[in-house]
Amino acid sequence: MVNFGNIWQYLAVQSPLQATFSGNSTTMNIKTYSLPELPYAYDALEPHISGQIMKLHHSGHHQAYVTNLNKALKVHASALSAGDIAAQVALQPVIKFNAGGHINHALFWTNLAPAGTPETLFPDAAPTLSAEIDKTWGSFDKFKEAFAKELLGIQGSGWGWLVKAGPSSLRIVTAKDQDPIVGGEVPIFGVDMWEHAYYLQYLNGKAKYVDSIWNVINWKTAESRFQAGHGDFFADLKSLL
Amino acid sequence: MSSVLLRTTPAVRGALRAGALRPAAAAASTSFVRGKATLPDLQYDYGALEPYISGKIMELHHKKHHQTYVTGLNTALETIGEAESKGDFTKAATVAPLLNFHGGGHLNHTLFWENLAPASREGGGQPDGALLKSINEDFGSFDTFRKQMNTALAGIQGSGWAWLAKDKQSGTLGIITRANQDPVSGPYAPLMGIDAWEHAYYLQYENRKAEYFDAIWNVINWKTVASRFEKA
């Protein structure tokens, strides 16, 4: 039974791309992604999300997605120029996972804000979005209930998002692992349901984490993503990364 | 829960094999046994795998996480049983993902606890006899196997498990990864599993999961693995 649990192991066997890359690097012209700074201090979301969680989550986990994305893109660029289609295909899951991790976390940090700041006040910070939420779910409480149910129903690692599926069409979606929302929908805000997002503080009590997160949702960001057109949203996202 | 269900549900079959489903006598009937899954006792104390796995992790992992899978499995079975008795097979089918998730979680953890042991007892070291011979044949060496297993663990995207498994037809050994709580089933017999969910290591190792994957070899119970290998 051949097992390539790790794509680097696979590529090392299948092609000499990694070995040749350093020699060709000057001819490559690919964007290198970097870790965005948080718009608040690590402990600014306490007591709802601890400073220790935020620090590990941002400087450890998010950084790892950025590092591995850059690594995968470099090897992919080599595979492209070498016309190695097999290596390109083999890299797709790695790129999706790490790019997804980068996109999801960049959106997550900016859709959070310290509790009690004007950005976190609902419905004041999100006048049009809150009206649409009421229209769709009947009330904010019913929306929160439906959102929590989706979050708690995720089997394994993943994310829950409120997305805009059309001009006035809101929907709650979940995505496994680091699958990003990059199709026709605009992600308005997301909640990270990986255990690393809450375990140090909430242990196995993820329902409490979900309860608490409402205190730190940045409704101002949510409102502006709701109002943005699809193209504008993805242009903004690009500048975040 | 009918005997048909037991025959057609890999996760539940596995749980039965692992001795983790205990029949409740009061609910037994002459035509089939109604079983309720229960949380198996650990064969060692929560702190017994320290310093490699902390007592706090073990306690939460067994008493809370595994218990949740047991409860979820029983709820799924109950819902399916009710749906079946009403002839509502559509409803029964919609519960299948929950049965797979919680049934798999119950089976995987039951196997996991048994293939661990304190380093002061059976834990750690290397396998010997026929198992070691097979590992050498299929991986080259025990050390290569260990490295490949750690590479497989590190490559899991999200929550999941890595297993040393035996292909029941060919008898060869291989490494299998599974997402979330999907159980190892079909042509493969799980011999040794390592839990790569973050709850299995995060309180002690945080984002340094490679350290956890290195440490856990000190508490692998090769006696259990060898006995599974012989029976598979």
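Don't overthink the numbers, they just go from 1 along the chain as shown.
The backbone N, Cα and C atoms fix where each Cβ goes, glycine too.
What TrEMBL says about a protein is an automatic prediction, not a curated fact.
Taken verbatim from TrEMBL:
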- A:32-113: domain 'Manganese/iron superoxide dismutase N-terminal' (DOMAIN)
- A:His57, A:His105, A:Asp192, A:His196: Mn(2+) binding site (BINDING)
- A:128-225: domain 'Manganese/iron superoxide dismutase C-terminal' (DOMAIN)
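With an 8 Å limit on C-beta distances, the binding-site residues from A:His105, A:Asp192, A:His196 that reach chain B are A:His196. Within the same chain, the residues at least 6 positions away from A:Asp192 (Mn(2+) binding site) whose Cβ sits under 8 Å from its Cβ are A:His57, A:Asn104, A:His105, A:Phe108, A:Trp159, listed in sequence order. Sequence-distant neighbours of A:His196 (Mn(2+) binding site): residues of the same chain at least 6 apart with a C-beta under 8 Å from its C-beta are A:Ile53, A:Leu56, A:His57, A:His61. One way to see the shell of the Mn(2+) site is to take the Cβ centroid of A:His57, A:His105, A:Asp192, A:His196; the remaining same-chain residues with a Cβ within 8 Å of it are A:His58, A:His61, A:His62, A:Phe108, A:Trp194, A:Ala197. Summarised as a single figure, the pLDDT of the domain 'Manganese/iron superoxide dismutase N-terminal' (A:32-113) averages 98. Cβ neighbour count for A:His105 (Mn(2+) binding site) (all protein chains, 10 Å cutoff from its Cβ): 24. Across the range of the domain 'Manganese/iron superoxide dismutase C-terminal' (A:128-225), the DSSP-based residue counts are 48 helix, 25 strand, 25 coil. Secondary structure of the domain 'Manganese/iron superoxide dismutase N-terminal' (A:32-113) per DSSP, as helix, strand and coil residue counts: 61 helix, 1 strand, 20 coil. The Cβ neighbour count for A:His57 (Mn(2+) binding site), using a 10 Å radius and every protein chain shown, is 24.
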